[in-house]
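According to Swiss-Prot:
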DOMAIN    43-128  domain 'Ig-like C2-type 1'
DOMAIN    239-322  domain 'Ig-like C2-type 3'
DOMAIN    327-411  domain 'Ig-like C2-type 4'
DOMAIN    509-603  domain 'Ig-like C2-type 6'
DOMAIN    610-708  domain 'Fibronectin type-III 1'
DOMAIN    713-810  domain 'Fibronectin type-III 2'
CARBOHYD  Asn76  N-linked glycosylation site
CARBOHYD  Asn198  N-linked glycosylation site
CARBOHYD  Asn204  N-linked glycosylation site
CARBOHYD  Asn461  N-linked glycosylation site
CARBOHYD  Asn477  N-linked glycosylation site
CARBOHYD  Asn498  N-linked glycosylation site
CARBOHYD  Asn525  N-linked glycosylation site
CARBOHYD  Asn830  N-linked glycosylation site
CARBOHYD  Asn904  N-linked glycosylation site
CARBOHYD  Asn918  N-linked glycosylation site
CARBOHYD  Asn940  N-linked glycosylation site
REGION    694-720  region 'Disordered'
REGION    894-919  region 'Disordered'
SIGNAL    1-30  signal peptide
Amino acid sequence: MGTATRRKPHLLLVAAVALVSSSAWSSALGSQTTFGPVFEDQPLSVLFPEESTEEQVLLACRARASPPATYRWKMNGTEMKLEPGSRHQLVGGNLVIMNPTKAQDAGVYQCLASNPVGTVVSREAILRFGFLQEFSKEERDPVKAHEGWGVMLPCNPPAHYPGLSYRWLLNEFPNFIPTDGRHFVSQTTGNLYIARTNASDLGNYSCLATSHMDFSTKSVFSKFAQLNLAAEDTRLFAPSIKARFPAETYALVGQQVTLECFAFGNPVPRIKWRKVDGSLSPQWTTAEPTLQIPSVSFEDEGTYECEAENSKGRDTVQGRIIVQAQPEWLKVISDTEADIGSNLRWGCAAAGKPRPTVRWLRNGEPLASQNRVEVLAGDLRFSKLSLEDSGMYQCVAENKHGTIYASAELAVQALAPDFRLNPVRRLIPAARGGEILIPCQPRAAPKAVVLWSKGTEILVNSSRVTVTPDGTLIIRNISRSDEGKYTCFAENFMGKANSTGILSVRDATKITLAPSSADINLGDNLTLQCHASHDPTMDLTFTWTLDDFPIDFDKPGGHYRRTNVKETIGDLTILNAQLRHGGKYTCMAQTVVDSASKEATVLVRGPPGPPGGVVVRDIGDTTIQLSWSRGFDNHSPIAKYTLQARTPPAGKWKQVRTNPANIEGNAETAQVLGLTPWMDYEFRVIASNILGTGEPSGPSSKIRTREAAPSVAPSGLSGGGGAPGELIVNWTPMSREYQNGDGFGYLLSFRRQGSTHWQTARVPGADAQYFVYSNESVRPYTPFEVKIRSYNRRGDGPESLTALVYSAEEEPRVAPTKVWAKGVSSSEMNVTWEPVQQDMNGILLGYEIRYWKAGDKEAAADRVRTAGLDTSARVSGLHPNTKYHVTVRAYNRAGTGPASPSANATTMKPPPRRPPGNISWTFSSSSLSIKWDPVVPFRNESAVTGYKMLYQNDLHLTPTLHLTGKNWIEIPVPEDIGHALVQIRTTGPGGDGIPAEVHIVRNGGTSMMVENMAVRPAPHPGTVISHSVAMLILIGSLEL
């Protein structure tokens, strides 16, 4: 019975991009580039179907390295011997496993990439083998239950790996069981649950189990199991949860989590989910037998409850989702160059649950503390680095859910000082009276000792001259005497080197017209002036900053413009100033050797900024006290405050009533009035001044007003229907905003019309919308006076107006009399009867006519209902020349009453199947004469009593119907009529016959043409066809 779908054989390639990259090292001379292995592809875990026709598995491994890397593989921690001709082949760095088997090849694989720099180890890849066996061949026992009960059909899937998906068949493929509120297929066990059975569930059931693997899908069917239903049990019973989710469900961050919950019950229970210690995300599916969390996070951890509810009660089940996580890097190591003899500290850190442990590898081997190396969990420390410490290092973080690797190369260097990559600048311009910094940065390992000279004079630190620890020469208060050659000397134990530059002194840059501070209003324009003088041999540029941040003049739609009239003018213009444009502006004029700057303050007045610190206190049922702190007035006094509220999460902000009604600008607290009890609110504050209304504050913390008794009566009170002896009352459930408190429900009062005693019923739950009162003494269609109020744990609300509701109806008890039926055509009969009297069982809706052929059983009768209280009906769609038995029953909403005595009727013979033939016509000046051969019926056809003719001389006009008892007809026509379309058919007791159609044309004075039914005169086909259809419809709709 198993079926499998596969793709044609191909090479399975499993690869992943390396998680942590490494950069290549360049030597000091920029010649040969040498760097250790950096993974570009790493193997991924493989699920290989045991029955697969694939002949090989490829585990990918590729590393970038110089010189190129060589590769080795480990299986279950042991290095593999990859010999020519064996089942395990090395192709590049990839491992190819030929004809893989579970016994020999299932396990954990790692790739090792090496070159002279060092070795790195790939992540682990697990090769697993998937399978799905066949279902047992034994016949399955029938499942028995009463109709109306819930039932479970077990799947009992065969041995398999990994998990399966399930569907169920009813009787035959592909008649799958639908996913609806009454049926549920557990994807955990495969079992089929039916909450409440009915007659349509009878049949044979088969479980379909499907395995989805990396590149194949296989399905198997179970033997059919028969579901037998005994007599219907109409009793109502409370929900009982049968498909339950575990008490604890473990999940990894990012996985999909599915909780299953399904219950038996009558009526079919409704399923609702809630998070006991939090709220459900609106993106989750929460009203079905499964709660799905598409991508679980730590915020989703907690206790969840499933509630199954119907009118008879409820059942609940709870379970906890525990979220854990694979390791994830917070901090990784990176490629590092270090000087010989120096100290180095590397660190890496990872998050995960459980907390990951960290270990270190050097060239693929475990690294432990020894001599100059100290390993402390996530820290690796080196003292006095030597050349032997160079190599490839890996930080490994792992917990029970996975392992991650971070790789880096350590290059320990010993180099003599070398200025070829970074010499001292050849020409060093400097401004008179200014300061110059001349770096000295030779490449050297270990770090070189640096000395400076001017000409032949060694420089020592003074008030004007300083050599910093990193070798930079600083000269202050520069004068012409400082011009000359300056040489940096660098030396370490590997050697020495020097580099020389020439210092040239230039005139200083000065601001000649500084910008002035200004006050402006929002939307104004302002120009800040800035002029400068400079050394004429050098270029001058202006830059502007606002509060020390550079101004971007190229930003599209920006507010800043600058003047480019002269090199010495750098004015700034602010267009349509906004509040954010206020602050400290700095104009800087600069050359390559020095700069000068001046500042100005711009104050922009505008509407107030948002208030802060919105706090709610003194929470009542309809009032709260709100306080806030003043925001920025933006240089214009605050005139007033406005308070707004909303109901999260999606409510709109609305202005609220306050005390005082008008809140002045110096206030920092006010009372909010007119709130709804037991409602969640957020509040915000908006300030205004003479220049406008500012931005609102951030929302306050969410609060809930205190509870109060309901203040509004439920609406939509109605009812009716149900089983005998029942009174069903319906109402519209009250929304959250009208509940005013917890413990919400409804108090129903009802009494028979005319009685003085009220009965009451308490219906808990805000979502409740109906109540069923059952009492055998309640007569059918008895009027009850009904009223309703709501309640919560703070008290009862107001009562609604009284409504009149009727108890359940019963079927009519009296049958119609004097039923008479007569065939009126070959396919129709008329039926008439005497009406029944309206009784106390309910409202009579109409009559149901049942009719069946003589010789058939009444169980095979067809039925037709009248839409009102008419006492006659025409039944169509009958067979010709056939005797029918007919009964009539009255019906109401509860069903149909007893049948009348049967009447008989026989339909007429069918009309002749031949149309009139040999049609001829003659035009005169004012009339048209048409003749045809009479139609003689066969013995099994009804008599011909006359003929109908449809005549149309204008395609835009409605055809005219003419009747005749003869085989000819003469009709008046205008003299200018040149052609017409005519249809002629028989009529009689059996109805109208098949039409003959002819297109007649006036041929000069008098003409005659004989109609040939095989080859008739034909106008444009579309004209004839479209208008023939119209004429047929017209003839059929007329009753003669």
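Indices start at 1 and increase along the chain as displayed.
Cβ coordinates come from backbone N, Cα and C, glycine included.
For the region 'Disordered' (894-919), the residues of the chain that approach it from at least six positions outside its boundaries are 724, 780, 808-817, 819-829, 831, 833, 836, 841-842, 848, 850, 854, 878-888, 930-938, 940-942, 944, 947, 967, 982, 984-996, 998, 1010-1011, 1013, judged by C-beta separation under 8 angstroms.
Secondary structure of the domain 'Fibronectin type-III 2' (713-810), assigned with DSSP and counted as helix (H, G, I), strand (E, B) and coil, comes to 3 helix, 47 strand, 48 coil. For the pair Asn940 (N-linked glycosylation site) and Asn904 (N-linked glycosylation site), the C-alpha distance works out to 21 angstrom.
Cβ neighbours within 10 Å of Asn477 (N-linked glycosylation site), excluding its own Cβ and spanning all shown chains: 11. Under a cutoff of 8 A between CB atoms, and with a sequence separation of 6+ in the same chain, the neighbours of Asn525 (N-linked glycosylation site) are Thr573, Ile574, Leu575, Asn576, Ala577. Taking a C-beta cut-off of under 8 angstroms and a sequence separation of 6 or more, Asn461 (N-linked glycosylation site) has the following same-chain neighbours: Val467. Taking a C-beta cut-off of under 8 Å and a sequence gap of six or more, Asn498 (N-linked glycosylation site) has these contacts in its own chain: Phe419, Thr487, Cys488, Phe489, Ala490. The distance from the Cα of Asn477 (N-linked glycosylation site) to the Cα of Asn918 (N-linked glycosylation site) comes to 130 Å. Within the model, the domain 'Ig-like C2-type 3' (239-322) carries an average pLDDT of 90. Secondary structure at Asn940 (N-linked glycosylation site), as computed by DSSP, is coil.
Helix first, then strand, then coil: DSSP counts for the domain 'Ig-like C2-type 4' (327-411) stand at 3 helix, 54 strand, 28 coil. Secondary structure of the domain 'Fibronectin type-III 1' (610-708) per DSSP, as helix, strand and coil residue counts: 0 helix, 47 strand, 52 coil. Long-range neighbours of Asn76 (N-linked glycosylation site) (same chain, six or more residues apart, CB within less than 8 Å of its CB): Gly107, Val108. Nearest by CA distance to Asn918 (N-linked glycosylation site), out of the glycosylation sites Asn198, Asn204, Asn830, Asn904, is Asn830.
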